[in-house]
Ligand SMILES: Nc1ncnc2c1ncn2[C@@H]1O[C@H](COP(=O)(O)OP(=O)(O)O)[C@@H](O)[C@H]1O
Ligand SMILES: [Mg+2]
């Protein structure tokens, strides 16, 4: 579904990604593990087209999207939940969730269908729907950011360190939601970054380890 | 105090009315400056030039309309037309071909670029309209005067400044607040203001939002200038004094504050006209005295909230 071929990128003149290659099959749950500063966030931003590449290719569903402007990638079905939750504070939770659907001018029925799917797996979002995003707790905010990425991500969803800063109970809740979503959307490829591999291990099919902008290993776990 | 008021009450009333009229114009410029800075993160020193050029254009179009024998009410259309033409031509040209090249640069460089642009536009005005004062009184005469009751007195004042200008400013304020909060296009602008990258990941074309916001800000400033043309002669330097006043308003109100900018424009407009009336030598410093006093007490501005930034 999503493939990176020798992606290289610089930030402020310094090489940050040096030939990152990875493959996410449709319906795969892939982890990208690495220490702080290893290049996880930059890899996701590269997939979203948010920074210029020095080399390499990004392919989605077999088609090259390397040159596709960043704002078109949402339309192609790639959802992204950045590291900090990055919600729009003055908007309500519902407005945050619906913003991409409105921007992409999805048909009302399609929007309703996606929203309902999100509410099914993240029922707490339905009760928070009319709250202002700025007033949410950290854990609630993470759930909304996940929901927002799912509204967009019909083909691939990128989650940047979703467990970071979550209390153990919440992290478990998040992992459960992720598992449910993964099962319910068998075509959507999930890419999750994490600096702490334990949290993800029980969920993932494939784990990539990144260090200083290079993929060290791709180890395909036997599917549970 | 009672005695002072007896002697100066009418003067004070006049000063307040002058202040309200000039506040309405300053607001039109400041609110656009604020919006553009929020979205593009570039402080556009040339924003006041849109005001000046809008004014000159209004005078030229208005005089032309009179010369070809259009009915007097057409002079109102001249004001609106001047604003739209000025903003819709200069806005996209400047954003596309100049600002777009410096978004990634340091803010010092951006300031230098917009300052250079300001100087170029200033000279362009001199080339096109000369250095003699240009004026166009049409709409003022057309609207006549109204008697404004003030402290038991009656002050005759032209309806154009005391009714039309505040009404236009209030409509702008209400319309903008409604637009930003209640429409999708408005929420898209707010989203880009808050977090450009997250907005892009949601499918928002930030480049297009930059272009439209900048153009919209230019039209508002040009409308302010066009509306000023009937009551003030246009002279070189009008752009500079306008941008300086708008900076004072934006800094005093706090970034992203639309209603706050309106109240602050009123404070600064009235402060200045009261100074002109009673202590003319203070006119130039009053806006900055207000600004400095406010910023010493509240560095984020009167209405700015440090946490929930921008709009
Ligand atoms: N805005 C930036 N300016 C300079 N260097 C940056 C910037 N963003 C990231 N980097 C550098 O890029 C490298 C990778 O960063 P990042 O992708 O954020 O790592 P991770 O998400 O794995 O913690 C780090 O060494 C970091 O210092
Ligand atoms: Mg990171």
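Placed from the backbone N, Cα and C atoms, the Cβ positions cover glycine too.
Unlike curated entries, TrEMBL annotations are predicted automatically.
What TrEMBL annotates here:
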| type | residues | note |
| --- | --- | --- |
| TRANSMEM | B:20-43 | transmembrane segment |
| TRANSMEM | B:50-70 | transmembrane segment |
| TRANSMEM | B:76-95 | transmembrane segment |
| TRANSMEM | B:102-121 | transmembrane segment |
| TRANSMEM | B:159-180 | transmembrane segment |
| TRANSMEM | B:209-228 | transmembrane segment |
| TRANSMEM | B:234-253 | transmembrane segment |
Contact between the transmembrane segment (B:76-95) and the transmembrane segment (B:209-228) (at least 3 Cβ pairs under 8 Å, separation 6+): yes
Beyond the flanks of the transmembrane segment (B:209-228) by 6 or more, those residues with Cβ under 8 Å of it: 24-29, 31-33, 35-36, 39-40, 44, 47-48, 50-58, 78-80, 82-84, 86-88, 90-92, 94-96, 99-100, 103, 164-165, 168, 172, 188-189, 192, 199, 234, 238, 242
Surrounding residues of the transmembrane segment (B:20-43) on its own chain - C-beta under 8 Å, 6+ positions past either end: 50-51, 95, 99, 102-103, 107, 110-111, 114, 161-162, 165-166, 168-169, 172-173, 176, 189, 192-193, 209-210, 213-214, 216-221, 223-225, 227-228, 231, 242-243, 245-247, 249-250, 253, 255-258, 261-262, 264-270, 272-273, 310-311
Same-chain residue ranges lying at least 6 outside the transmembrane segment (B:102-121) that approach it to Cβ under 8 Å: 40-46, 48-49, 52-53, 94, 210, 239-240, 243
Chain residues outside the transmembrane segment (B:50-70) and at least six past its termini with a C-beta under 8 angstroms from it: 25, 28-29, 32, 77-79, 81-83, 85-87, 90-91, 121-122, 125, 128-129, 134-136, 138, 217-218, 221-230, 232, 234, 238-239, 242-243
